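Comments concern the structure below.
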Amino acid sequence: MNRLAPVEDINEEDLRVGTPKTSAAGVKAVMVALERGIAQAGVSRTVRSMLRVNQRGGVDCPGCAWPESITGARKPAEFCENGAKALAEESTTRTVTPEWWEEHPIEVLRNKTEYWLGNQGRITEPVILRPGEDRYRRISWSDAFGTIAEHMRATTPDRCVFYTSGRTANETAFMYQLFARSLGTNNLPDCSNMCHESSGSAMRPTIGIGKGTVSLEDFDHAELIFVVGQNPGTNHPRMLSALAEARKHGAKVVAVNPLPEAGLLAFKDPQRVNGVVGHGDQIADEFLQIKVGGDLALFQAFGHLLFQEEERAPGTIVDRAFVEAQTEGFEAYRSARAEIDWDQTEEATGLSRLEIASIARLLAKSKATIICWALGVTQQPHSVDTLREIINVLLLQGNFGKPGAGACPVRGHSNVQGDRTMGIWEKPTEDLLAAIDAEFGIESPRHHGYDAVETVEAFERDDVDVFVSMGGNFSLACSDTAVVEAGMERVGLTVHISTKPNRSHVVHGQTSLILPTLGRTDRDDKHSDGPQFLSVEDSMSVVHTTQGRLAPVSEHLLAEPVIVARMAEAVFGPEHPVDWRAMAEDYDVVRDHIARVLPGFEDFNRRVRQKNGFVLPNPPRDTRTFGTDIGRARFSVSPLEYLSAPEGHLVLQTMRSHDQYNTTFYGLDDRYRGISHGRRVILVHPEDLTELGLQDRDLVDVISTFQGTERRANRFRLVSYPTARGCAAAYFPEANALVHRELVARESNTPGYKAMMVRFVPHTEEPDPAFDERQAGRATAEFPPS
Ligand SMILES: Nc1nc2c(c(=O)[nH]1)N[C@H]1C(S)=C(S)[C@@H](COP(=O)(O)OP(=O)(O)OC[C@H]3O[C@@H](n4cnc5c(=O)[nH]c(N)nc54)[C@H](O)[C@@H]3O)O[C@H]1N2
Ligand SMILES: Nc1nc2c(c(=O)[nH]1)N[C@H]1C(S)=C(S)[C@@H](COP(=O)(O)OP(=O)(O)OC[C@H]3O[C@@H](n4cnc5c(=O)[nH]c(N)nc54)[C@H](O)[C@@H]3O)O[C@H]1N2
Ligand SMILES: [Mo]
């Protein structure tokens with residue numbers, strides 16, 4: 001089999017740097033995806049999985065949360081290179097068997113990169129690592145659940161933590177939160193704590209809902225669309241078709257980003273002739289190359305300029321009727337934006353007053369504006385303020401509840417939004433808990449639980465005895481890698497419900513279980529009621545089914561709902577008021593419970609089976625109403641804040657390459673940015689390199705500073721790159737060791753992954769006694785061990 005994708009480790013000395021691309025997708029994208037699929041899964045599994053992705057009755061793509069059209073005709077294959085890679089990754093025929101674990105002691109696995117670990121294949125049987133042993137060994141499912149029960153019964157509920165990664169389906173998520181609450185804890189951290197939490201924190205108090213207020217159809221009616229802090233060409237490739245279509249209907253697109261991302265510049269639709277042979281479609285009409293962290297200043301300036309225009313031509317900008325009838329706090333906002341310090345604004349954004357004014361004119365003219373955003377604005381100390389400022393600008397012109405307008409936080413994981421809807425939340429509302437208690441006859445705890453960062457702090461205080469992870473890779477995804485890893489090792493029992501090996505399995509608790517589960521593409525048919533399907537909610541609140549069809553790689557895999565149910569039976573015994581077994585046998589039973597507990601899910605079982613599923617209620621979008629505590633939308637006032645690097649430092653943001661899914665690496669080719677065969681790079685503007693006395697391709701160690709403390713990550717190559725001045729960029733998760741765990745967004749507690757102050761020193765082989773050797777995070781080992 002010479003077709004297999006590489007399973008060897010990364011050799012950073014092979015790094016290649018070419019020219020960044022100026023367009024995304026195209027035929028190359030199809031070729032790459034097919035190659036990866038066939039290498040992992042062979043021709044027939046690849047064809048079967050790719051043809052069914054995002055088709056009605058098929059598999060919901062595990063790649064991202066961008067919606068499928070619910071009105072228009074779907075293309076025969078809603079094709080997306082990175083969606084296809086996600087499927088290839090999961091449908092691989094490589095396996096990790098108990099024999100494999102026997103052959104690989106933990107010490108060996110600890111020195112492997114995530115790339116190597118993930119490439120070993122799908123885990124086939126449950127395994128356990130017992131205290132004092134040096135490797136995982138086979139364990140039966142019933143002994144595994146027995147071990148969990150023993151540990152949970154020996155401790156108190158709040159010393160147990162239940163993490164969720166956002167790919168978890170609705171039914172699983174509902175059962176999982178019910179498990180935690182039946183046990184007696186709200187310790188339900190999830191990946192959204194590290195992702196879009198800032199969006200929810202800004203939106204709930206201002207517009208009464210923590211979700212986007214547009215539908216896909218709105219893109220056809222928008223006059224102006226902003227894409228702020230997002231790299232759709234890589235992370236939401238299907239969004240490019242929506243943007244290209246919107247432009248055909250006359251919309252202008254403005255990209256706001258420190259990097260000139262290829263997908264923001266042009267898109268070659270591989271399903272159309274000009275996408276194959278021509279230059280493709282332009283995407284962004286305007287590109288604001290903003291400094292990292294400058295968006296709050298930018299949107300404050302937009303507010304100021306809109307008010308100026310309103311003064312010049314009263315009644316043309318502010319939607320007075322809407323503001324009067326539906327909002328609060330307008331006057332305070334107006335007076336806060338009456339003055340502006342242009343020098344500071346230019347300093348914060350790196351943009352000129354003229355550039356900002358020309359975009360403000362587009363805003364002033366537009367009668368229907370959509371603002372899309374993603375992580376570029378959610379992972380900084382002032383992120384919640386930035387997002388409230390974006391909401392202000394939308395409210396001002398009445399851009400809610402009308403065609404072509406609204407707020408569009410573009411979510412990450414394919415069901416991260418659904419998981420929160422299902423109650424995966426460390427700060428649940430009273431309404432939710434009361435409804436759960438009434439339905440099941442349990443008594444949910446009322447006090448709040450830990451979010452992701454608080455979980456790490458609890459690890460450090462020795463306050464966690466059991467950590468269960470429903471998917472995900474907590475130790476690499478969270479900030480401060482060395483701190484998280486050291487923390488995880490203090491936990492009594494870690495339980496990872498996973499599809500593939502990852503770093504969190506090798507920096508485990510004192511006892512560690514790995515429970516292998518079915519993925520999205522796998523057939524789930526071992527139930528007395530026949531094959532089962534699950535459901536998910538996309539970024540635009542559409543709930544629909546997902547059902548895999550491929551034969552699982554092993555007969556020992558259990559579906560996630562079954563794992564939760566059996567864990568519950570083991571922990572709570574047969575007398576528990578919740579009928580776990582009925583839910584595991586037939587997911588319709590779970591959905592009937594959900595229908596009675598969660599608003600908007602009435603008649604769930606019938607409606608989810610409709611051709612396009614159903615759309616959840618969204619008051620700002622549906623009726624222009626706002627379910628805040630005051631029954632109105634709120635303008636808010638924030639002081640100006642931005643990131644200024646101390647002398648000799650740059651502001652470092654972390655991002656995804658084109659060849660990774662969060663902590664999973666599909667390959668080593670960040671094709672659009674021209675970087676391949678390596679990942680330990682830092683992109684720096686050529687003039688910043690010169691100013692710092694450094695050169696392209698210098699080998700450096702990176703030191704981040706935060707409130708007088710330092711973190712260090714070694715052996716990165718500097719790459720001269722056209723990013724905004726004063727800013728640098730590196731890949732996640734290699735740079736996570738640099739993010740101090742207390743560097744977080746205020747209010748949302750989301751790590752400041754895009755807000756580090758860093759300096760570079762020449763790389764030295766001398767170990768630095770001031771830093772723990774693990775500081776660099778061996779998961780992302782600098783070089784393959786010789
Ligand atoms: N193929 C693939 N798809 C994915 C994922 C994946 O890893 N791979 N991950 C999924 C997940 S969980 C998520 S949350 C999403 C993430 O989707 P994105 O948010 O697109 O992810 P990032 O790669 O972090 O890119 C952040 C973008 O913001 C820009 N940026 C950084 N700082 C700033 C700033 O201060 N201001 C502005 N305006 N821009 C800034 C960066 O240059 C970059 O273009 O994608 C989802 N989809
Ligand atoms: N520096 C930096 N750090 C970041 C970010 C950043 O932009 N910069 N982004 C943050 C964001 S947005 C997010 S969402 C988090 C991501 O954090 P996580 O969601 O925790 O991480 P993933 O890498 O998506 O998880 C991958 C693992 O999930 C498991 N898996 C895959 N499919 C399945 C399945 O079907 N079932 C089960 N049970 N397991 C499965 C596999 O074992 C795989 O190893 O990272 C955050 N960390
Ligand atoms: Mo995410």
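Even glycines carry a Cβ here, placed using N, Cα and C.
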**OP:** May I ask you to indicate which of 413-434, 523-544, 765-786 is given in TrEMBL as region 'Disordered'?
**Re:** 765-786
Original post:
Using DSSP, how many residues in the domain 'Molybdopterin dinucleotide-binding' (650-756) fall into helix, strand and coil?
Top reply: 14 helix, 46 strand, 47 coil
Original post:
Given the model, what does the mean pLDDT over the domain 'Molybdopterin dinucleotide-binding' (650-756) come out as?
Top reply: 96
